[in-house]
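Got a structure here, written out as C-alpha cells. Questions coming.
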Amino acid sequence: MKPLLVVFVFLFLWDPVLAEMHKKCYKNGICRLECYESEMLVAYCMFQLECCVKGNPAP
C-alpha cells in the first residue's frame, strides 16, 4: 500500500512542474530543466527551471 501512496504523491507534486515546462519566458525564451549547449540562460522560471534563449551571449 505504501508504494502506491508514494506514486500518487509523486504524481501530484510533479504535475505543477510539467505545466511550467516549455512555457515562454523572458526575451521569448523557453523554460527547461537545463539549457542546451547552443542556448544561454537568461532567467529562472518557477520550480528552478531555466529560461533558455537560442544563441550565445554577446561579448
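Quick reminder: no glycine exception, Cβ is built from N, Cα and C everywhere.
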Identify which of C35, C51 is listed by Swiss-Prot as the disulfide partner of C25.
C51
Check for me: which candidate out of C35, C45 does Swiss-Prot give as the disulfide partner of C52?
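That would be C35, the partner Swiss-Prot lists for C52.
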Which ones, of the disulfide-bonded residues C25, C35, C51, have a Cα no more than 10 Å from the Cα of C45 (disulfide bond)?
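So the list reads C25, C51.
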Around C31 (disulfide bond), how many other C-beta atoms are within 10 angstroms of its C-beta?
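That number is 21.
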Which number gives the other C-beta atoms within 10 angstroms of the C-beta of C25 (disulfide bond), all protein chains shown included?
20
Got a sec? Which of these disulfide-bonded residues, C35, C52, has the most Cβ atoms within 10 Å?
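Going through C35, C52 one by one, the largest Cβ count within 10 Å is at C52.
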Measuring Cα to Cα, how far is C52 (disulfide bond) from C25 (disulfide bond) in Å?
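Per the Cα atoms, C52 (disulfide bond) and C25 (disulfide bond) stand 8 Å apart.
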